[in-house]
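Engineer: Pulled the feature table from TrEMBL, pasting it below:
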BINDING   V46, N50  Na(+) binding site
DISULFID  C148-C157  disulfide bond
TRANSMEM  63-84  transmembrane segment
TRANSMEM  111-137  transmembrane segment
Amino acid sequence: FRRSKAVVRPQNNNISDTVNADKEEENNHQWDRPIEFVLSLISNSVGLGNVWRFPYLAAQSGGGAFLIPYFTLYFLIGAPLYYLELALGQFTSRGPASAFVLAKGWQGVGFAMIINSILGTLYYNVIIAWALFYFVLSFRKRLLWADCGHWWNSNGCFVPGSPGNTLGANITALNCTLFNCTGGNCTTALSSNFSDSGCQENNT
């Protein structure tokens, strides 16, 4: 027979004599400061949408005026739902796979949360790898993305301010003979736009 551990409840509420209660208290890890718990929640909640999509939506929706309804709905709806999501895990002190033991029919929700986290790490790891890759390359004396001539550059690659720029970043460096008409009809607007940069109007 298995010997059961009896829990002796003291008569005085200020005295704790049970061994099991002491063990549970030792195994129940707690945060040293409440701010550490809040920061851990924020780190798990902030995603790529907060970094990339939120500034875009804020700019498209009125800029600073967008923050007024945003924070209003955050405190009225977002924050209560945030703590409601934590309630089951805090109450049961279990992970998502076993936290839904209270309702057998909802255990699939816990496994779905785990699968969702695994799938999310697939594309998160790719983006983190990009950031680490360019971070390491940034320590080189010559940055690979500072000029053209690499195998991955397209025909539209140009370096702003370079003398050989052919896309109009530095119009004074262009060969003005490109705008001289030798065999066709030139419009006055085309030639007059570049007359100030040393090109002469040559309409034939």
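Every residue gets a Cβ built from N, Cα and C, even glycine.
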Engineer: So for C148 (disulfide bond), how many other CB atoms are inside 10 Å of its CB?
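Structural biologist: Other Cβ atoms within 10 Å of C148 (disulfide bond): 14.
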Engineer: Cα of N50 (Na(+) binding site) to Cα of C157 (disulfide bond): how many Å, rounded?
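Structural biologist: Cα-Cα, rounded: 31 Å.
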